[in-house]
Amino acid sequence: MKIMKRYALLLLLAFASLQLLCFAADDDVVFYDSFEESFDGRWIVSDKDDYKGVWKHSKSEGHDDYGLLVSEMAKKYAIVKELDEAVNLKDGTTVLQFETRLQGGLECGGAYLKYLSPQDAGWKPKEFDNESPYSIMFGPDKCGATNKVHFILKHKNPKSGEYIEHHLKYPPSVPSDKLTHVYTAILKPDNEVSILIDGEEKKKASFLSAEDFEPPLIPSKTIPDPDDKKPEDWDERAKIPDPDAVKPEDWDEDAPMEIEDEEAVKPEGWLDDEPDEIDDPEATKPEDWDDEEDGEWEAPKIENPKCEIAPGCGEWKRPMKRNPAYKGKWSPPLIDNPSYKGIWKPQEIPNPSYFELEKPDFDPIAAIGIEIWTMQDGILFDNILIAKNDKVAESYRETTWKPKFEVEKEKQKAEDEAADSARLAGFQRKVFDVLYKVADTPFLSKYKHQILDLIEHAETQPNLTIGVLVSIVVIILTIFFKLIFGGKKQPRVEKKPEVAETSNGEGSSGEKAEEAEKEEAAAAPRRRRRDN
């Protein structure tokens, strides 16, 4: 029933999302690739020698949905898809979105996309590599201390003509699981960019803010003068030694830090003539030992057994103690420097590269490339989208990503619960083993049957394990306190003479029966329920 409800929910989500998609204008979708068909003939694999990684058209694990797969470990990969028409990022909203699934995890490698500049910037599809110029780089990257979803903008300085990489500050982290995740970057006409993971906004920034990009797109108005030099008489010392200070007459710089303790006395029984180590008397020279080749044989040393029972062996020396007269090297106290001018900095001059900017001067996107070096295989790219409307991107998330993600999440949840259950069962087995050993303890013999009943009850209902532990601890503590503080004294009962006379045999027989019953309880075999 639960499975039927789950699939009904997925169908409902798919139907609702399909309706959203139908209302989206075709003009809003600039590029989309679902990889349901092979990438051969549509995407171009780089011919560069460094890029030996093999791309495969493969299904996502557990789905009938295809994607572009990184198939080998510790390889470089490069593949590119030319767009029919370059995308102008200066007009309106632009949405960059794609799915990736790290099926083998991601310890060290990238899973990002590069949105490439037109080829007249100096690159060719067959020669695509890490030097190929791009406008935006976006997506997961993780290795060592690096764990971020990159958003890097390459922007041309109109004054210098130089292209500079501007990195988004404090980007979100990469999800650590092996599920399918969808990454979305929304570039808005108000100079804002939003980074979404699985449809949830994780970061919002302004292209023109120095707080959001490093280095900032707009350079500072001034820069330190590179030709300015610190004056020779510039004094940066805030404190200086007091020139009027004089070393005290009783200050002895030569006094040692430690001296012998004259009050120390050699311990009684100290063996002055015994060495700390002696030749091993049981050692014998090996039969194959050759004195000419191996040298004169010497027995290995062992600790002197006489020194183990004595306070010490060898020459006794007084221990050292701190010298009360020690003061160390004298130095004058520090005073404020009357010539102090502060830390010198070069003077600021107008920045020749400074420019004002109302909107970023984005290069158009002419192609989409994946150029990565990864230690893991199993990275799957899917549903790559460029759109001019964030609602369109949302509808694609609902129809292509969410149904897969919900199935994967449920499967992962079931696997995690099974693993947790297995770990708990292993822990409980160890607990029960310990409890059975506790039940065999002689001083608990009176309560052995009670403890065994509790343990067997817990084995049939593992959720009672904690309660059983508490019960047994209470029993042990009760016995412990009785042993320490003693039980309540029983009132003394005087035996009637006639009872003693008439039950001489019967009384002893009853006592023996009672003792036999106790011995039988103590010697009762341990009961344990075992699974066949």
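Every residue gets a Cβ built from N, Cα and C, even glycine.
TrEMBL: automatically predicted annotations, no manual curation.
Taken verbatim from TrEMBL:
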- 1-24: signal peptide (SIGNAL)
- Cys108-Cys143: disulfide bond (DISULFID)
- 250-263: compositional bias 'Acidic residues' (COMPBIAS)
- 270-281: compositional bias 'Acidic residues' (COMPBIAS)
- 288-297: compositional bias 'Acidic residues' (COMPBIAS)
- 464-485: transmembrane segment (TRANSMEM)
Completion exercise
Residues in the compositional bias 'Acidic residues' (288-297) per DSSP class, helix first, strand next, coil last, are 4 helix, 0 strand, 6 coil
Problem - Surrounding CB atoms that lie within 10 Å of the CB of Cys143 (disulfide bond), all protein chains - result: 14
Completion exercise
Taking DSSP helix as H, G and I and strand as E and B, the compositional bias 'Acidic residues' (270-281) has 0 helix, 4 strand, 8 coil
Practice task
Only counting partners 6 or more residues apart, tell me which same-chain residues put their Cβ under 8 Å from the Cβ of Cys108 (disulfide bond).
Solution key: Lys142, Cys143, Gly144, Thr374, Met375, Gln376
Practice task
By DSSP assignment, list the helix, strand and coil residue numbers for the compositional bias 'Acidic residues' (250-263), in that order.
Solution key: 0 helix, 3 strand, 11 coil
